[in-house]
Amino acid sequence: MLRCSTFLEVRLPHIAHNIDLIRTHYASKATLIPMIKGNAYGNGLERVAGYIHDACRVNHFGVASLGEAVAVLKGNAHSIDTGRTNHVVVFSDTELMDESVHHVYAEQNAKYRAGNGAQLAPVLGTEEQLQLFCKLRRTIFKDTPLCLKINTGMDRLGVTLERLKELTPLLRENGGVDLLLQHFSVSGLVGHSFTKAQHIKFQQAKESLQAAGVEVRGTSAANSGAIEQRLAVEEMYVRPGLMLYGPTSLAASSITPDEVPKYRLWDGKCCGYFYTKVLHHYVAKAGSYIGYGITHNLVPEDAVIVLIPVGYADGFMRYYSNMPVTVSPAPPRGHEDDPAVKESALVGVVHGNVNMDIAAVAVHPAMVGHSVEEIMRRIENESQILVWGNDVAEKAAAVKSIPYQLMCGLSIRVPRRYVE
Ligand SMILES: *Cc1c(COP(=O)(O)O)cnc(C)c1O
């Protein structure tokens, strides 16, 4: 799609940096299953998968849906979908109850067995799925690994410990478990007792299976929040998502200052930088209304309005009203965090209604400490501005959202531009 001035710049080496950081300082014994679902958290599914395979020697890929898995394989037919080393794990929407897609697993895993394709692993999340899988264990699913989710407290998918006892004979008869996993629900809160309880339950599940003679060949428990706390990183696999792309998962409010060194607060590099431009800027007089509507779009005092060519068709949502946006020209690449850059940044707030194609950013003299004339001078039509980058978490917090949602929200109208 031809779009020159509005794009998401994806700095791929920053993902490589983050993977390195996890491997060396956070989970040195574990194998990574980087989570690339949700279009790699908005950064581009196929391209990110191919990059981390080639540049970071990643061989495991975590997605949410079967469709995402197929896209990863199709998009990387000559790198990921070859040989015996690569594995794509489908964590939630496996489509397993739909017989018409069973052949996708059967054919892909027959290829894997023959040594010329990646393995495709569905995570069984309900008892019905497990029963169906085992019924077809010797036929359609004979080459497909048995991956089972344990419910340790999240209470969405997964088998409870009580039910696991009942299911033990079935698992034993079907050759054991290739991957046993669980998911933490509050790992963003440092040291939370609920997380500890989940971790203990997971250990109990593993031990009870092993004690009953069920082979457990792989285990995985940690997502980003847990990895940042170095929790459950001794399991065979860890599943980092958000941290791969930069932001921390730990709620600052849950860490006391003396705990900071202990957790060595995640200092990953942000990979996604959302740029647009100043379409037009002008002085709006007090009492005028900007754009659609006739209530909350009132300009109370003279202000400078900066129009940017992004709206909800780009995934820049209506509720982003009041989000702070820096409207002075974007700093040179790599200088986003320079103190001088931050000092001189002119920050406005999204004003009134975001519409499909345009949002208005108001720069209020009282907020920035400059006259309307000075603000007008510091903004240039057609100049590049950075909507969000390594400050994506602050942007999200300002509109009561989370970085995941802002990142995943960017639509296909925003081209992804890759920096290798
Ligand atoms: C999304 C997901 C993750 C990654 O979570 P983050 O909080 O982004 O690290 C890990 N495991 C599963 C099963 C997931 O669905």
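Cβ coordinates are placed from backbone N, Cα and C, and glycine is handled just like the others.
Taken verbatim from TrEMBL:
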type	residues	note
BINDING	ARG156, MET356	substrate binding site
DOMAIN	271-419	domain 'Alanine racemase C-terminal'
MOD_RES	LYS37	N6-(pyridoxal phosphate)lysine
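The Cβ of MET356 (substrate binding site) lies under 8 Å from the Cβ of GLY311, TYR312, ALA313, each of these being in the same chain and 6 or more residues away along the sequence. If you take every residue in the domain 'Alanine racemase C-terminal' (271-419) and average the pLDDT, you get 96. Neighbours of LYS37 (N6-(pyridoxal phosphate)lysine), defined as other CB atoms within 10 A of its CB across all chains, total 21. Taking only the Cα positions, the spacing between LYS37 (N6-(pyridoxal phosphate)lysine) and ARG156 (substrate binding site) is 18 angstrom. Counting residues per DSSP class in helix, strand and coil order gives 37 helix, 41 strand, 71 coil for the domain 'Alanine racemase C-terminal' (271-419).
For ARG156 (substrate binding site), applying a Cβ distance below 8 Å and a minimum sequence separation of six or more within one chain yields no residues.
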